[in-house]
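To keep things clear, I will list the structure first and then write my remarks on it.
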Amino acid sequence: MVFGAMSALITPFINHKVDFETYETLIKRQITYGMDACVPVGTTGESATLSHKEHMECIEVAVAVCRGSKVKVLAGAGSNSTSEAKELALFAQKCGADALLCVTPYYNKPTQEGLFEHYKAVANAVEIPVMLYNVPSRTGVSIEIETAKRLRDACKNIYAIKEAAGLMERVVAFGAEVPNLALLSGEDVINYPILANNGKGVISVTGNLFPQEIADLTHYALQGNMEKSYEINTRLYEMNRILFCESNPVPIKAAMFLAGLLKNLEYRLPLVPPSKENMAKIQQILEKYEVKE
């Protein structure tokens, strides 16, 4: 199983292609600063605009770089086509990913029964652990707690959910109603509250910039030192907020470019760089922090 501190990796581009040299460097930085896992080709990795070949190559590279370290790979394998999700899941398993992150199918807005059948099909196609991913603001559909409970009972390898609905009532309800399904934060602004409610980790956007701080915040909480965790969470508050001033991953890539972690600032359309106003705000907030190489 994959728990603890994880970063939802960005995908760097150069001249409209994936910059794998920089990608490897960024993953090695995650290893250096004590993260427990990296998460390639999720929302932050612009998976929606990667080709199948690029998607698979990103997983392969992440697995290769992390091999031999303590850092695991939670590979993005989500799709709004169940057959495509199964294909990505099987590929990730074959190349050595430790677990899968599967977002709810987007755009086609399945019913709860459709979600159940989708996830069951993906989970039954593989042997490695599967983490559900609930982000209704992106997908237009939310996994109901009863559906998550049914999936946990029906599929032994569905072990956790990344919760990014932003509703603390759901977080508390998950702990009470589905205690055998691990809960992880999918939103940096509520990392601490979720960890304080028996969360088992975080999947962080901010961790791309501040892996050591996110690792420390998470590890302190998991060790029961909530005061230390809270202190770090408070220090990161302004950064967590500004990194969502526009659609993720637009601000995080801009911040990484300004911090010298990216060679250039490039997105795949329809994503574009931040507005001049937001770029200035990101720069202003970034100057308050020290970004380690």
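Cβ atoms here come from the backbone N, Cα and C positions, even for glycine.
According to Swiss-Prot, the active site, proton donor/acceptor annotation covers TYR133. Using a 10 Å radius centred on the Cβ of TYR133 (active site, proton donor/acceptor) and all shown protein chains, the other Cβ atoms total 27.
What Swiss-Prot lists as active site, schiff-base intermediate with substrate is LYS162. Same-chain residues at least 6 positions away in sequence with a Cβ under 8 Å from that of LYS162 (active site, schiff-base intermediate with substrate) are, in sequence order, LEU101, MET131, LEU132, TYR133, ASN134, VAL135, LEU184, SER185, GLY186, ILE203.
Residues or ranges marked as pyruvate binding site in Swiss-Prot (evidence: sequence analysis): THR44, ILE203. THR44 (pyruvate binding site) falls within neither a helix nor a strand when secondary structure is assigned with DSSP, and so counts as coil.
What Swiss-Prot records for THR43 (among others) is site 'Part of a proton relay during catalysis', and it gives sequence analysis as the kind of evidence. In the shown protein chains, 24 other C-beta atoms lie within 10 A of the C-beta of THR43 (site 'Part of a proton relay during catalysis').
Annotated site 'Part of a proton relay during catalysis' per Swiss-Prot: TYR107 (among others), in sequence order, evidence recorded as sequence analysis. Long-range neighbours of TYR107 (site 'Part of a proton relay during catalysis') (same chain, six or more residues apart, CB within less than 8 Å of its CB): ASN80, THR139, GLY140.
Note: THR44 (pyruvate binding site) has non-local neighbours ALA8, LEU9, ILE10, VAL205, ASN208, ASN248, PRO249, ILE252, i.e. same-chain residues 6+ apart with C-beta under 8 A of its own C-beta. The Cβ neighbour count for ILE203 (pyruvate binding site), using a 10 Å radius over every protein chain in view, is 30.
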